[in-house]
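K.L.:
The structure that follows is given in the form of structure tokens.
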Amino acid sequence: MLIYLIRHGQTEWNQAFRYQGSKDEELNDLGIEQAEAIADLLKECNIGRVFSSPLKRAIKTAAPLAKKLNINTEIINEFREINLGQWEGKTWEEIKSEYKEFLDIWSKDIAATAPPEGESYIELKERVFKALSSLLEDCNCDIALVSHGAVIKVILCTILQIPLQNRAALDIPNGSISIVDYIPSKQSFRVLAVNSSLSCIR
């Protein structure tokens, strides 16, 4: 059973290197092109169901693929992006300037420490895998899951046994596709490809 892990297309905040998290940003023109390119790339694949985060940038990335496959997009709230709290809308340079003392604490355990009013990567992993386990029990076909960089990273890091604090080793660009093979009889995963489309359009 193949799982196509698709990161949403580009938004204006992606282009400006601003952290989005739970903010519901729209795709920009390039993001719309990326969504169409993903649909063209995967339209001949044997995908039986398309799932999406509830955020608009993911839903609108999933829409062209679902249309070409003639199926509906199924929304799963737990696949929304990590909540970055007070960091949302800011660049890394702004965060470093405004949260110097907190970053000293955060850097000691970046997997377990959440941004102010936000969510930690360990909390994200728990909600994502709870939803993924439930989804896989209900599926008997190849699926596409359109979500976000942090969501895809926690899935791949867990399967590849990469510590979450080393997640930056995985680059998951907008419009990228990673492929995981799930073996129901063994309840195990194999990573077949990471960023196989090279982001489709850059």
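Heads up, the Cβ atoms here are built off N, Cα and C, so glycines get one too.
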K.L.:
Kindly point out which candidate in R57, R80 is recorded by TrEMBL as part of the substrate site with R7, H8, G9, Q10, T11, E12, W13, N14.
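P.N.:
Candidate listed by TrEMBL for the same site: R57.
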K.L.:
Work out how many Å separate E81 (active site, proton donor/acceptor) and R7 (substrate binding site) at their Cα atoms, rounded off.
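P.N.:
Checking the Cα atoms of E81 (active site, proton donor/acceptor) and R7 (substrate binding site) gives a distance of 10 Å.
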K.L.:
Roughly how many Å separate the Cα of R57 (substrate binding site) from that of H8 (active site, tele-phosphohistidine intermediate), to the nearest whole number?
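P.N.:
It is 6 Å, counting Cα to Cα.
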K.L.:
Measuring Cα to Cα across R7, H8, G9, Q10, T11, E12, W13, N14, R57, which the record gives as the substrate binders, how far apart are the two most distant ones in Å?
P.N.:
15
